[in-house]
Amino acid sequence: MSLTANDSQIRDLKLAPQGKLKIDWVAAHMPLLNSIKDQFEKDKPFKGKKITICLHLEAKTAYLAKVVQAGGADVAVVASNPLSTQDDVVAALVDGGIYGYAWYGASSDEYKKHINLALDFTPDALIDDGGDLVSTLHAERLEQTKTILGGCEETTTGILRLRSMEKEGTLEFPMMAVNDAYCKYLFDNRYGTGQSVWDAIMRTTNLVVAGKTVVVVGYGWCGKGVAMRAKGLGAKVIVTEVDPIKAVEAVMDGFEVMPMIDAARVGDYYVTVTGNKDCITAEHFYVMKDGAILCNAGHFDVEINKQDLQNMAKSVRKVRNNVEEFTFADGRKVYLLAEGRLVNLAAGDGHPAEVMDMTFALQALALRHVVEKRAELEPKVYAVPDHLDQYVARLRLKTWGIQVDELTEEQKRYLDSWAE
Ligand SMILES: NC(=O)c1ccc[n+]([C@@H]2O[C@H](COP(=O)([O-])OP(=O)(O)OC[C@H]3O[C@@H](n4cnc5c(N)ncnc54)[C@H](O)[C@@H]3O)[C@@H](O)[C@H]2O)c1
């Protein structure tokens with residue numbers, strides 16, 4: 001298949017060599033995906049299939065797209081967020097025979113158009129991140145759902161949307177909940193988000209974290225990572241939660257827990273990571289310290305109420321790349337990073353390659369599972385089979401050269417019995 005930029009909607013094909021270097025760098029640090037790629041090249045599990053991939057389009061996701069292509073598929077990629085697309089990376093994919101529909105900073109109309117173009121590609125299966133492909137198919141292109149074998153969902157927010165469709169009985173094809181596999185959320189959400197959020201905040205602001213007060217809004221898997229790494233950087237960490245169990249966990253992990261209205265008075269940095277809307281609103285902006293820095297790491301830019309910020313601000317100006325300053329009538333200023341979109345992807349490179357290696361190994365294997373086992377699956381949300389989770393963990397240990405013990409037959413019998 002020979003493609004040109006004309007078949008795709010990208011910024012500039014000439015950026016391809018730079019994007020290829022980025023992809024080569026991550027590929028050298030993704031041994032799990034390399035081994036799956038070797039297997040796919042032999043087995044060609046996606047031969048004759050078209051796959052649309054909707055993810056944050058940076059080097060690691062690009063490498064996943066190439067692995068799926070190596071499995072025999074025709075592949076199209078589209079962004080899951082208009083601010084996380086790296087134009088050089090998408091150009092490199094298009095140069096390598098993949099269809100691309102994305103550019104950095106796409107308007108909402110352009111973003112929607114790109115999603116629809118990626119569906120005009122008539123995929124047999126898909127990988128989604130946050131649910132925009134699946135919800136567009138079900139809301140606007142229902143007829144096309146009949147032609148889709150199934151797909152995989154990358155993140156917590158997308159799985160919430162899928163489960164609500166499943167509950168309503170409106171989901172038309174099987175979807176694998178990749179986020180909910182152990183080898184995804186325990187490492188990607190926790191260590192990946194923990195490291196990449198602070199990398200993005202530090203490179204964007206060039207300010208110190210040690211000695212500052214950090215407010216982490218939401219103590220789920222991502223929030224745990226963000227709080228843990230803030231502590232490691234020397235910050236005093238406050239957690240806000242709505243779930244009493246998570247709040248107890250945060251206290252026992254050594255963090256202060258309080259309502260948002262109290263945390264709003266003392267924070268220097270705020271990181272929302274809940275998947276929920278309106279976590280920080282006008283009532284909180286009213287009491288914030290001068291100079292507070294706000295950012296979001298949840299999937300959508302709804303966690304910090306940007307409309308409230310705009311309404312309260314006497315003036316707004318861009319003071320650095322990805323930093324907007326909002327000045328209130330009383331002279332206080334607060335700063336919003338990356339327009340409230342997930343800061344680690346919109347103002348950084350996302351999670352480290354080694355972490356995404358595990359996530360995308362699961363994505364590749366779960367996609368193969370849904371394509372090969374379609375006849376056995378119903379239109380439901382499925383957990384990634386345990387043996388695939390175990391396989392990824394074992395492969396990870398193998399690439400580190402770490403061995404673990406095996407259960408003896410007697411130990412297995414003991415664990416399975418109740419009488420001994
Ligand atoms: N930035 C990234 O790279 C990245 C990576 C993975 C997931 N995500 C996204 O981050 C978000 C969180 O994911 P997760 O896996 O941690 O989810 P999770 O379900 O494990 O945790 C979310 C937590 O937020 C809490 N919460 C909900 N509303 C709240 C509120 N108003 N105030 C305080 N706490 C509240 C919940 O009780 C829960 O403990 C999702 O949108 C997910 O899609 C982002």
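First residue shown is number 1, and so on along the chain.
In case you wondered, yes, glycine gets a Cβ from its N, Cα and C as well.
Taken from TrEMBL, the feature substrate binding site applies to ASP129, GLU154, LYS184, ASP188. In this structure, ASP129 (substrate binding site) belongs to neither helix nor strand by DSSP; it is coil.
Under the heading NAD(+) binding site, TrEMBL lists 155-157, ASN189, 218-225, GLU241, ASN276, 297-299, ASN344, HIS351. Secondary structure from DSSP puts GLU241 (NAD(+) binding site) in coil.
The domain 'S-adenosyl-L-homocysteine hydrolase NAD binding' annotation in TrEMBL covers 189-350.
In this structure, none of the binding-site residues from ASP129, GLU154, LYS184 has a C-beta falling under 6 Å of any atom of ligand 1. With ASP188 (substrate binding site) as the anchor, the candidate binding-site residues are THR155, GLY220, GLY298, and the one with the nearest CA is THR155.
Taking CA atoms as the reference points, GLU154 (substrate binding site) and ASN189 (NAD(+) binding site) are 11 Å apart. Of the listed binding-site residues ASP129, GLU154, the Cβ environment within 10 Å is emptiest of other Cβ atoms at ASP129. Within the set of binding-site residues THR155, GLY220, GLY223, GLU241, HIS351, the entry lying nearest in space to LYS184 (substrate binding site) is THR155 (CA atoms).
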